[in-house]
Amino acid sequence: MVENRIISAVIFPSEGIALAFALFFGKKVWPGIFIAQFMLSYGGNIDVVPSLLIALINSLEAIMAVTIFHWFHLNKNLKSLRDIYGLFLLIVLVLQPFSTILANGVLRYYGYVSHAELFSSTFSWWFGNVMGQFLYTPFLLMLFYYYKSLNLKEYLLKGILFALYNYLLLFAFKISSPLLFLLLTLPFLVYTVYKENIAYALFMNIVTSEVLLLNVGPFVSSSGEVNSIDYNLYILTITLVIFTAGIIFENQKKQEIRLHQTIDDEIEKNKQQQIFLVQQSRLAQMGEMIAMIAHQWRQPLNSLSLINQTIVLRYKRGELDDEVMGSFEQKSKSLIAHMSTTIDDFRNFFRANKEKKCFSVNESIQNVLRLVDGVISSENISIGYKSEHSYFTYGYANEFEQILLNLINNAKDALVEHEIEEKSIGILVTGDETAIVVCIEDNAGGVPEEIMDKIFDPYFSTKNEKNGTGLGLYMVKMILVDHMDADISVSNTKDGALFQITLPRCES
């Protein structure tokens, strides 16, 4: 009767466990490694002295591993392919040749291995240690690294389910081809790396390696000879693919994180730039408002000065009586009230609104017309305003008034610059059930076609000789789009430029 035997050399988990603890925890675990290796050797019916020597050799192996890792700047968390392949090369070319040759030399010296058995013993020792470290060292390093983020129940459940899946492949479907078995298991491991992390997949790989030792399936020889190639190549292939996929997915995640961080940084940078632009625009508008107040106050101040001179003159003539003083008092109060209203308008204009709300478009237009009245009149500009109904929109009233002020000032500047004889600005408000349209038109000749598409760009100005900031129309566009869910467009009419603001309508 032919005996079936698993095609595998012995895998020594203890070597992989010792190396993982040494790399992750450093020199503080070296005494433990020495004691554990001594107990394993002594428990294998080896005398005290050779057991001590073998334990010393394996402890020196751990010291060498940590030292070489530091020399070559390899990361114990195996974060790159360089770290992975560096670990594998270190195991194959340095650690195991060192410990295998010296340990088997000890066994040969003390007569535990004959001269004829030395080569096969050395190879078996080397191969078993290599596979033990290939399989268990990465698994434990990743477990140590990810243990805080692991869901233990989910972690164990995935291992159990994958063990059952392997069991079904081997016993129910009787998969006998190593390649087919690899194709049926590898995608699940790669998917696990993608959805979870390397630690999950390496645990599932450990589970697979144990299931495959059940003396059934593709890694069984009917010849009775022990052939380690297929089984160990399977384990090695799975381990390398898991790490390669893990590094690729990890780098992809890092790139996505960096990309999101870059986007967030640019958004924050853009926000800060917009805040700066708003402040710049606000300062420019404050300068314009001060000029408007000067115009608004010039006539009342002249009138108050005239009243004062008249009172003094009549006092000298003895012509002051209650009727005259009452008339002067009424006129003075009216003028001072007008000036006070101007100050209130100025203060309200720059007051920060705390929350959006429905406000009257018509009232905002009237507030702005009151503010610009002095400047507009001083330039002999006629301004007309017509509205079909009372309209309400949603947003910040003072921001909308800043928009209107900016557009009216631009129209005024264009009219003055082009020296139009009969200067005029028209404001028309129309609307339907969902939208409001505010049109501001002048007869200053219009916007040159070559700059029409740049007119809302930041720092673009046609008023260089007048120190224009180039921020006004940019801020108009930004406030309308970002703050009011509105829009603005510009076009030329027969006589001048037409700015059309489209606002969402709300109930009062």
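Count begins at 1; order follows the chain as displayed.
Cβ from N, Cα, C; glycine included.
Per TrEMBL, the features are:
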{"type": "DOMAIN", "residues": "292-507", "note": "domain 'Histidine kinase'"}
{"type": "TRANSMEM", "residues": "6-25", "note": "transmembrane segment"}
{"type": "TRANSMEM", "residues": "46-72", "note": "transmembrane segment"}
{"type": "TRANSMEM", "residues": "84-111", "note": "transmembrane segment"}
{"type": "TRANSMEM", "residues": "123-147", "note": "transmembrane segment"}
{"type": "TRANSMEM", "residues": "167-191", "note": "transmembrane segment"}
{"type": "TRANSMEM", "residues": "198-219", "note": "transmembrane segment"}
{"type": "TRANSMEM", "residues": "231-249", "note": "transmembrane segment"}
Quiz item: How about the transmembrane segment (231-249) and the transmembrane segment (46-72): at least 3 CB pairs under 8 Å, pairs 6 or more apart in sequence, or not?
Solution: no
Quiz item: Any residues 6+ beyond the ends of the transmembrane segment (123-147) with a Cβ under 8 Å from its own?
Solution: 9-17, 19-21, 23-24, 76-78, 84, 87-88, 91-92, 95-97, 99-100, 103-104, 197-199, 202-203, 205-206, 209, 228, 232, 235-236, 239, 243
Quiz item: For the domain 'Histidine kinase' (292-507), what's the model's average pLDDT?
Solution: 82
